[in-house]
Amino acid sequence: MFACRLPWWRSSATCKLWQSGHFLPWDRCQMLSIKGINTTVGQDQQASMKEKQVLEDLEMPFARREMETLFQEQPETGNQYLEDTLLRSYLKTHLPPKVLEEVHQDLERFGNRLLTKIQHLSWECELNPPVLRQYDAWGRRVDHIHTCSAWRKMKEISAEEGLIAEAYERKYSNWSRLYQAVKLYLFSSSSGGFSCPLAMTDGAAKVIESLGIPESLKNAFDRLTSRDPERFWTSGQWMTERRGGSDVANGTETVARKQPDGTYRLYGFKWFTSAADSDVTLTLARIADAEGQCTQGSRGLSLFFLRVRDEEGKLNSIQVQRLKDKLGTRQMATAELWLQGARAELISAEGRGVAAISNMLNITRIHNVIYAVASMRRMVTLSRDYARKRVAFGKFLKDHPLHMQTIARMEVQVRGAFLLVMEIVRLLGLAETNLASEQEQLLLRLLIPVAKLYTGKQASAVAVEAMESFGGQGYMEDTGLPVMLRDALVLSIWEGTTNILSLDVLRSLTKSQGQVMAVFLSTVQKKLELASGTEELSPALQRTREAIGSLRQFLEASGSEQALTMELAARDFSYSLARIYTGRATTGITEPCNALLMEHAARPDASSTDVCAALRWCNQELCPVAVESGRGSYGGRAALQDSALVFGNSRL
């Protein structure tokens with residue numbers, strides 16, 4: 001019963017009469033049985049007849065209804081791959097035919113496995129969160145983190161499906177990374193939170209590969225990328241300490257002391273360690289010199305690899321202080337850890353830890369984007385199915401124009417986000433196989449933080465809107481919908497908040513001495529011309545060109561402004577890049593092309609829906625940074641007004 005349904009565990013949701021027997025409460029009398037309605041392709045006529053019967057049943061007096069069987073029909077999902085027409089059309093457009101043939105078969109199989117074997121495990125993970133047992137029956141400190149069988153099964157499935165291995169085996173050359181991303185996209189919403197350790201595992205493998213897979217780390221790399229459940233390892237990423245936040249340069253207090261055998265012992269407190277049950281981890285620390293002194297700032301940070309437990313399962317001089325009580329992602333063990341001489345291996349050059357771990361951060365941020373898009377797709381899919389089944393005010397929700405408009409607006413956001421993440425993993429695949437041009441590498445560096453910050457916000461907004469589409473049921477814990485909202489909220493926080501990443505976008509501009517923006521603007525402008533042959537897209541093309549012109553004017557004007565101006569504009573600037581670039585992609589296999597949504601709409605076999613999505617995306621404000629700049633939102637006076645507004649009513 002769990003294979004394709006949300007966890008409607010409580011059968012007491014059945015609608016009943018009040019004890020008086022005369023009427024129902026308003027919020028529950030809407031819970032009418034419409035069991036059996038199926039609107040799958042080829043059965044529209046049958047569905048129409050059943051809908052008519054349901055509506056006729058509504059006209060029956062209460063006395064003639066079987067009240068004990070009344071309930072709301074729950075939304076369902078089928079094979080996620082087969083039902084996702086955007087995904088399938090994207091793969092058909094971009095993948096070489098032979099690659100497409102092979103991956104299509106595997107993705108269809110994987111979709112069936114998700115539906116019948118995996119989806120119910122995710123809810124078991126939610127119902128059985130990890131538990132910390134610090135002492136055994138005899139008072140010995142053991143710090144055992146107990147995870148449920150479903151969580152452990154997710155680890156086995158991840159290995160069997162090659163969710164990490166696929167990207168490193170490179171069976172399909174530069175397309176392997178995109179193929180891995182598609183499998184992660186399908187897996188995420190059914191993973192029970194296991195997407196998080198997979199993100200860090202992928203990141204750790206990437207770091208080790210970037211170091212040339214030194215002999216001391218070969219076993220670790222092989223295990224991190226293994227398809228054998230018995231050998232597969234997951235990795236953590238221990239960066240956040242007691243001072244918290246993204247300021248690791250000033251917040252890292254962990255000290256590394258060199259041992260006679262060349263290894264190091266780590267001493268410190270890790271305040272927020274995700275997937276604390278992982279096998280290995282990468283972490284930052286400051287190496288102490290002979291006098292015990294450490295270099296401060298980012299130049300004092302080095303990167304270390306360590307095993308969390310030894311061969312006997314005992315912790316590596318690590319003490320688990322407590323598990324975090326989080327709003328969401330409760331399925332995963334996140335802990336506070338004391339490192340009390342944990343044995344570790346230095347894997348970066350001394351003082352180059354931040355640079356070395358940057359590869360991990362790029363990968364985990366891409367995973368963040370994948371999860372954001374996947375969560376949006378799941379919420380919209382459920383909302384859409386519910387609209388076919390729920391009756392309100394005498395007709396199905398799908399027959400209420402305003403309700404459909406609301407879901408359609410969410411669908412446009414999902415489509416844009418999906419094409420953006422596919423573009424990023426396409427570029428990553430090129431970079432990893434040495435096929436990316438210098439311009440493509442610059443774009444990849446820019447787009448990762450842009451996509452992460454933008455889709456994180458999108459995911460939260462879509463989750464809230466989608467919950468509302470279920471009415472009161474969306475607020476009920478046992479529907480599983482609140483879980484999706486809670487888990488989505490972390491996406492704009494983990495791996496850098498919106499503001500932190502906006503500033504990172506500015507750093508990429510400065511570091512490239514403006515080259516990255518020159519590439520961005522020239523690429524988008526030039527490739528938009530390739531969509532000009534589709535007359536229906538003319539309004540979208542015009543608005544995009546106007547947005548690019550506004551962005552150019554803003555950049556020219558800001559060149560003479562103080563740093564304060566760009567900092568205040570950073571968030572709106574990043575949003576502008578995201579909205580405009582959901583504007584560029586590749587068509588066919590080798591030729592770069594026009595806007596992401598417009599490119600998809602300009603295909604020979606594109607549907608009217610594809611065109612509509614492109615037009616609606618471009619109806620929003622594509623360059624908010626230019627609008628706000630014109631309103632004087634980024635000057636020194638505006639900064640003073642911001643402070644006055646925040647603290648004006650405060651006694652402080």
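Cβ from N, Cα, C; glycine included.
All annotation found in TrEMBL is predicted automatically rather than curated by experts.
According to TrEMBL:
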DOMAIN    76-226  domain 'Adaptive response protein AidB N-terminal'
DOMAIN    237-340  domain 'Acyl-CoA oxidase/dehydrogenase middle'
DOMAIN    351-509  domain 'Acyl-CoA dehydrogenase/oxidase C-terminal'
DOMAIN    515-647  domain 'Acyl-CoA dehydrogenase 11-like C-terminal'
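Each residue in the domain 'Acyl-CoA dehydrogenase/oxidase C-terminal' (351-509) has a pLDDT score, and their mean in this model is 96. Helix, strand and coil content of the domain 'Acyl-CoA dehydrogenase 11-like C-terminal' (515-647), in residues and according to DSSP, is 95 helix, 4 strand, 34 coil. Summarised by DSSP class, the composition of the domain 'Acyl-CoA oxidase/dehydrogenase middle' (237-340) is 7 helix, 47 strand, 50 coil.
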